[in-house]
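To keep things clear, I will list the structure first and then write my remarks on it.
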Amino acid sequence: MPQRPEAARAGPVAGPDAASKPAPGPALTLRGAGRAYGPVRALRPLTLEIRRGERVALLGPSGAGKSTLLRLLDTSLAPSEGTVEVLGQPVADTDARRLRALRARIGTVHQQLLLVPQATAMQNVVAGRLGRTSLARTLAALVSRREAARVRAVLDEVGIGDKIFERVDRLSGGEQQRVAIARTLYQDPELILADEPLASVDPARAADIAALLARAFAGRTLVVSTHRIEPLLAHVDRVVALREGALAFDKPAAALTLRDLGELYEARRGAADPARAPAARPPSDPVVAPGGTLRIGASSTPGEHLLPSIVRAFARAYPGTRVSLSLSDSAAVTAAVRDGALDLGFVGARDDDPALAYEDVARDEIVLVAAPVLELPPEPITLEVAARLPRVDREPGSGTRAVVEQHLANMGAALDPAAVVLEAGALVALKAAVVSGMGVAFVSRRAVEDDLRGGHVRTVRVEGLSIPRHVFAVLRRSPVPSAAARAFLEVARAEVPP
């Protein structure tokens, strides 16, 4: 059971601020909209309407379908069935040009803030207006007085106007969150979608963020997904709850009771959902990991884009086996497997070490991507030009970086080290820098599939360049891998698309 609102008693709990007066007319309309990934239904057919100016909390435990629903609402994901209308436009009938214009009217606030750490608060805020400016332009100090005045105004509105010229990596976590909210506010959106902004923060900070969201986006349509309703209750008009991909309840915030929350979060009894059946059957003998825990390591691409679904499938198939998952670069993961600190690793590059065995798990390709706002030479560009473009790189131990450097060197077009404008220690930071227009980047296609579909980045065509990429499982040859490691690898093969 989650923590329950202290304000709640046996009857209804407190409602929204009196200042919130939703305007008539729908901002969002779903009619039987659902989403499936193969045989698994992430979101069952849902019919829902949210009025313009309404503030809605989207509640539910992890895996309930909240993020999938938000992706339908921000148009980055199409429904498998039913229809979605956003700000009066049927998404399925909207062409690419109008879809870009529609997305410009939608602001998002993420749990991962997607800020560029080496840039100032002002540069991050201005670069947030995707399709209208770029971080390269702001870094060149080409921000007009009018833009600078407006940035200061939105930073004042979130309480950090005095930090306008401070680098983001020198700000506190709370101040960075305010920069992210100011960036969205600067876009002047009609609809704001916030995905778990209260996750991983202490109760006092969660209350501050909830109040700030309500104040900063007053009068606009606001949808906030969360599994913690307490900080939001005083600031929303309505609570929509999901459980196992289906609507659990939809009611005014003032009518929410402790019983509602208890039923939402209590353990499900009865038959299992066939749509969420295990990927593999448990064997007749229990799978035991050495030391009681199966230690898995992964580099960014498999760790962030493949392993989450594999770990869930493994937990369903082998509920008695504990799994720990750690993320690092390919070199560090490989070294940890070699040293026995990990039982199994998932990496993007091989090491010529006879003590290690590699097995091909998934195929991918490395592509060159850029923000739509970044001006480049006419395409397709030559290898020599690609090697000299302003570039955002991963850290030296990255498997992607190693593969790209070796591939281009073999083609006689070694990457120019002087072209590196930022070395990002995490994939999320690299994508944020590219989206803001700082430079191009070589990335796994799997890692940017959502960004490509959403129009946040585009691929850059390069003459004669094709870089195949593999995701490998790495194990030690001796001692023989445990039954748990082998079972995990079997689940991975069944779960990961080719």
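Here the Cβ of each residue, glycine as well, is placed from N, Cα and C on the backbone.
Not measured: the values here are computed from a predicted model.
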For which of the residue intervals 1-27, 163-189 does Swiss-Prot record region 'Disordered'? 1-27
I want to check the contact list for Gly60 (ATP binding site): same chain, sequence separation of six or more, C-beta distance under 8 angstroms. What comes out? Lys66, Ser225, His227, Ala241, Leu242, Arg243, Ala248, Leu264
Residues within 8 Å of the Gly60, Pro61, Ser62, Gly63, Ala64, Gly65, Lys66, Ser67 Cβ centre (excluding the ATP site residues themselves): Ser225, His227, Leu242, Arg243
